[in-house]
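Have a look at the structure below, then the notes.
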Amino acid sequence: MGLSVVILAAGKGSRMNSNKPKVLQTLAAKTLIEHVVSSVEKLNPDNIVVVTGHLKEQVEDALQGRNITFVYQQQQLGTGHAVLQALPYLKEQKVLILYGDVPLISTEVLENLVDTTNDDDLGVLTAFVENPQGLGRIVRDKFGAVTEIVEEKDANDIQRQIKEINTGIYCVHKNLLQKWLPEIKANNVQKEYYLTDIITFAKADHVSINVTHPINEFEILGVNDRTQLASLERVWQRNVAEKIMAKGVSIADPNRFDVRGNLDVGKDCWIDINVIIKGNVKLGNNVVIGANCILKNCIIEDNVRIKSNSMVDGSIIREGAIVGPFARVRPECDVKEGAVIGNFVEAKKTILGKGSKASHLTYLGDSEIGANCNIGAGVITCNYDGVNKHKTVIGDYAFIGSDSQLIAPVNIGQGATVGAGSTIVKDVPADNLAISRARQRHIDTWQRSVKKTDK
C-alpha cells in the first residue's frame, strides 16, 4: 500500500520576528521541519512533497540531501491552495497531509491515522484540549459524526466552547483531493482557501470520515511564537528525560537537562543539573556526570566520573577515568583507564595513558602520554610553531615537573623526570633527569629601590 506525504511549510511566522522561516526555528538542536520529516520518513512513503513559500531557499538548503520534492507556493492563499500546488507531484494513492511546525508528532500517531483510513475515506486527526483558543473546532452532529471544521475567526460563540480541535493532519486519497480542492472557495474572514473545507465535501459525497487521536496532547502542538517554542522545548526534553530515567539513569532535575542529539545510556548513572548532551553520546554503567557539563559526540565508559563544569567533545573516556572539574577535553582525545584530566586542564588530540594524571592547570595538545605518568601543574605541550602542529611523546612512568614547557616535536623517555620550571627543546632519554632553568643566585649586596617621599 503506497503513501505520499505533503508537508506544508510556506508560512512566514511573523510572530517569531526572525530572519528565518518559522519551520527553520530549532527545537533540541534540529529545525522544526526536520523533526516532522524524520517522523514521516519512518513511514517509508513513496514520496515526500514540501510546499515552500517565504524564504524557500533556506528551507530547501536545510533539507538538502533528503529524498524530497519541493513545490513553491508563490502566493500564500491558504492551506487548501498549498495542497493544490502539490497535487501534480503526488501518486495515485493515499496522501498524508501535515504541517512543518508540529515537531513533536510521532510516527506511531501518523501510522495509526494512515492504517485506519481506507482509500475511500477521509482520515482526520483531532484532539481534545483544555484551551482551544486560536484553533479550529471540530463540529459534530447529534449522532456524533463530524460535519465540519470551523476556524476560530469564523466560529460563533457556541462553536468556540468546543474542546475538540483540528490538528491539521489528514489522510485522504489523491482522487478525492483532485475532486475537492478545486471546489474550495475563499468565502471566509481571512479570504483564504481552507483545506478544512474538504470535511464539508466529504459529508456531501457521503465519504466516511475516520477520526483518530494522538497518544499525547503535546504531539499535535504547533509553534507560532518564541514563547510556544520554549514551552515545546521543555516538553520535548522532559519526555526524553523520562525515557532515559526508565532505562536506569537518575537525573537530578529533569527540567534542567537537555538532549540535543542522541544519548545511549547504561544503568545506574547519575546526571546532575544543567547537563547538555549534543550529537551522539554513549554512557556506560555507573557513570557520574556533574553539574553544568557539556558532552558532545563522545563515549564515556563504565565508572567514569565527569566532574562539574567540564566539556568532553569528540573523545573517548575509558573505564574509571576522572575528568574535571572545569576541564575541557577537545576532539580526538583518548583518556585511558583510571587516568585523570583535572581542574583547568585542556586536552586536544591527546592520548593520556592508563593511570596517568594531569591534575591541574595544564594544556596537552597533540600529545601521546604513556601509562602512570605525572603531569605537574602548569605544564604546557607547545605544539604550534606558527604554521604547523607538532607532537609530544611522553613514555611510561615519566614525571613532568610543574610549570614546564615541552617544545614539540619532542620525546620524553620512559621513566624520565623533567625538573619544575624547565623548557625542554631536546629529547630526554629514558630514566634521565632534565633541567633547563637558570641557576639560582643570592646577591647579598642588593638593595630594594625606595620610593622618594614628598617633602
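Numbers here mean position along the shown chain, with the first residue as 1.
Including glycine, each Cβ sits where the backbone N, Cα and C put it.
Bear in mind that the values here come from a model prediction, so they are computed numbers and not experimental data.
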Would you identify which residue of SER402, SER449 Swiss-Prot lists as part of the acetyl-CoA site it also attributes to ALA377, ASN383, TYR384, ALA420, ARG437?
SER402
Return one of helix, strand or coil for ASN374 (UDP-N-acetyl-alpha-D-glucosamine binding site), based on DSSP.
strand
At a 10 Å cut-off from the C-beta of GLY78 (UDP-N-acetyl-alpha-D-glucosamine binding site), count the other C-beta atoms across all protein chains.
21
What parts of the chain pack near the region 'Linker' (227-247), using Cβ distances under 8 Å and only residues at least 6 beyond its ends?
16, 25, 27-28, 103-104, 218, 221, 254-255, 257-259, 263, 265, 267
Looking only at the region 'Linker' (227-247), what are its DSSP counts of helix, strand and coil residues?
19 helix, 0 strand, 2 coil
Shortest C-alpha distance to ASN383 (acetyl-CoA binding site) - which of the binding-site residues LEU8, GLY11, GLY100:
GLY100
Of the binding-site residues ASN224, TYR384, SER402, ALA420, ARG437, which sits closest to GLY11 (UDP-N-acetyl-alpha-D-glucosamine binding site) by Cα distance?
ASN224
Given the model, what does the mean pLDDT over the region 'N-acetyltransferase' (248-455) come out as?
97
